[in-house]
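Read the structure below first, then the notes.
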Amino acid sequence: METLLNPSKTPFLLVPKTHFFKPSLLHSSFNPRPHTPFTRRPLSVAIICKLKTSQGRKNDGKNNNISKKILLSDSAPELSNEEGKAKAESGGGAWRVIRKLPRKVLSVLSNLPLAIGEMFTIAALMALGTAIDQGEAPEYYFQKYPEDNPVLGFFTWRWVLTLGFDHMFSSPIFLGTLVLLGTSLMACTYTTQIPLVKVARRWSFLQSADSIRKQEFSDTLTRASVKDLGVILMGAGYEVFLKGPSLYAFKGLAGRFAPIGVHLAMLLIMGGATLSATGSFRGSVTVPQGLNFVMGDVLGPTGFLSTPTDAFNTEVHVNKFYMDYYDSGEVSQFHTDLSLFDMNGKELMRKTLSVNDPLRYGGITIYQTDWSFSALQILKDDEGPFNLAMAPLTVNGDKKLFGTFLPVADTDSPDVKGISMLARDLQSIVLYDKQGKFVGVRRPNSKLPIEIDGTKIVIVDAIGSSGLDLKTDPGVPTVYAGFGALMLTTCISFLSHSQIWALQDGTTVFVGGKTNRAKAEFPDEMNYLLDQVPEIVESPISKQPGSIGG
Amino acid sequence: MIFSTLEHILTHISFSVVSIVITIHFLNLFLLVDEVVGLYDSSEKGMIVTFFCITGLLVTRWVYSGHFPLSDLYESLIFLSWGFSLIHMVSYFKLKIKKRKNNLSAITAPSAIFTQGFATSGLLTKMHQSAILAPALQSQWLMMHVSMMVLGYAALLCGSLLSVALLVITFRKAIKIIGKNNNLLNQSFSFGEIQYMNERSNVLLNTYFLSSKNYYRYQLTQQLDRWSYRIISLGFIFLTIGILSGAVWANEAWGSYWNWDPKETWAFITWTVFAIYLHTRTNKNFEGVNSALVASMGFLIIWICYFGVNLLGIGLHSYGSFTLTSN
């Protein structure tokens, strides 16, 4: 264990060291390295996203400091050379200022705390948007956030209406913050993550045992060979490179690229959403069975990029609207049989819609979202059939209730009495007499008559109307592509990029390694692999790989 | 009939077993019976039994009702406790290979029992019967979206509880030790403590490592920190997939993939907060306490998203709503 420590660096560490190690460990898994961490701190910061440190100021928008990460030893002279070169490139004074401006803007935008602040702001605004009721008339806010009794002591309707909190998710504040986050994403991707790709793909060998021992995890194998180590590592899925006595292996490089993919996917989603918001058409219509409508009449634009297509001239005819029921009587599914006709009357398409199963034609999608009761067809005293329009009633607790009224007495008198018919769905109609007393229930299919106050009523049919939502959205393919990319890249970025360096010094092999994500599991994995490296036992006749050793 | 009794039995078995396991863990804590290996083993076996019970419960419900058991609040709570026991199993087997003790069970087991207990308690008896699905829920997407969301919640809750544990351990002694800041350089400490001392932002951790017994606390906090990071990353992936599949489902069912529905918005807020957590981890200065603070906020936000929005009962996600009056 003494070989692990470098006594020249920090003498006062020697004493507590042995005190901490448990005797059960075969070889040390926790290796406190005496080294000055200060040189490493700002470097690893600069990799992921730039921080405004004093080091960072020098390198606005430059990629050179990242190279320090892999080549741990001496790239400082490199740095100043590149900087000097860049400065010499730009021309006169004013031109230099203009040239520097985008770089400065980039460096400001790709600042990590700024991005974190933006994300916090967005989260807070969204939370506020759910707390404040959206889309109500101004009077509602006058009432709810009055000036003489402000919520939380200062929040009045003035705040709500001037800041646009009543339509939070399309207000300038919210959209502005989103745009800012988008530009930060782009800046960060350009300035730090793309250079990271170039750097991480470079493999470098560490030439000195000291630099290997400085790694997060390091170990020493006495009497081993780097080649054996290489073979073991290859078996464990690492890509191994051997150059003379030194070795470099890595695994999980995709885990470094994936965050770039995440950012790009987010930009794609944002772009697609912008396209949706500015270029789509939507509309909804409730069509009674048997009637029709033209798509273009129903669809309204949502933004300035919306342009109608030829498919807007299609006529939609509702052939039939019907519902499925469970045995308990609840609605299980509603269906609409639709036919699409062009302007000449030729049938283009026929499909039965249901919820979760929309109709797609010419870029326009029709969704089944709702239903209503249009009319009740009855026979009165064997005359008719009469269509009585059903109106929706709002009663506490009932989800949907429709009713109609058949007057039996003189319709001109102010106090008209008649038969009331109520229905919750298209299955059964409940009938009440002139006094409002319950008489009976009839199903439209049964054709059974019912006698109320001397009038014979037969329910012939219950005509429903279908609630349809129409939509055309050019941004959907982009957004779906962004979704798929985001899901994939988020999964991949779970992988941890592990790097291992080894150096053969005589019969000793120094091994060092680090990983960016799976820090808890890495030492154990390394110990497991190193356990498998065969120990070279010098016999008088020949070298033979021996048993498992440390 | 058989199914409902079977369900009943399984619920009660899992609930009782988990309570026994937790009792054993509390005994470990207070009476230090940890060395009695048999007891520890039995608690681990108890958790395995619980896992199989809850799995059996869910499968029974699935077969009996004909739809995937995730259509209302009761079923999603059972699924959540299943998620916790699943996380426990995975961490148990991973750590068993390395022959280490499973510290995670302190978090996963109580979480499983609390969610299970709440679900089976009297508050939600109305929902215990398998209900029929509303038309909007009859879709293949139900399985993917809701299961991913609930698994994501389970993992994120575990991870944020680990961060809370980290904060509790960190701040317990910090107040006492602040005064001894000046003596640090003269004391003896290990490498890890030097590393932490150089964290300029983490002032509180600077004051902390003074003696050898703090080394073990440091190791524990570091283990908690790393585990929390991994579990939250996993939960984040599930949450992302859940939110995006929900958006695609909404587009198929209602014509628009994002409606700023309260539940959707709060899920997005949760996603944003954990994205902030992951970004704070990229910077070594913010690692440790600061990221743990973010994760603790995330804990509260998940509960608002999962429960709070349902209590309001508004919007497109009203399937999960319930009133707290017990019947």
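If you go along the chain as it appears here, the first residue is 1 and each next one adds 1.
From the backbone N, Cα and C atoms, a Cβ is placed for every residue, glycine too.
Per TrEMBL, the features are as follows:
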type: TRANSMEM; residues: B:12-33; note: transmembrane segment
type: TRANSMEM; residues: B:45-64; note: transmembrane segment
type: DOMAIN; residues: B:70-317; note: domain 'Cytochrome c assembly protein'
type: TRANSMEM; residues: B:76-93; note: transmembrane segment
type: TRANSMEM; residues: B:105-124; note: transmembrane segment
type: TRANSMEM; residues: B:144-171; note: transmembrane segment
type: TRANSMEM; residues: B:227-250; note: transmembrane segment
type: TRANSMEM; residues: B:265-280; note: transmembrane segment
type: TRANSMEM; residues: B:292-316; note: transmembrane segment
Closest-packing stretch to the transmembrane segment (B:227-250), where packing means Cβ pairs under 8 Å, from B:45-64, B:144-171, B:265-280, B:292-316: B:144-171
In contact by Cβ distance (the transmembrane segment (B:144-171), the transmembrane segment (B:292-316); 3 or more pairs under 8 Å): yes
Remote residues contacting the transmembrane segment (B:144-171) - C-beta distance under 8 A, at least 6 residues beyond either end: 68, 70, 76, 79-80, 83-84, 86-87, 104, 106-108, 111, 204-205, 208, 217, 220-221, 224-225, 227-229, 231-232, 234-243, 245-246, 249, 267, 270, 274, 288-289, 291-293, 295-296, 298-299, 302, 306
Segment-level pLDDT (mean, integer) for the domain 'Cytochrome c assembly protein' (B:70-317): 75
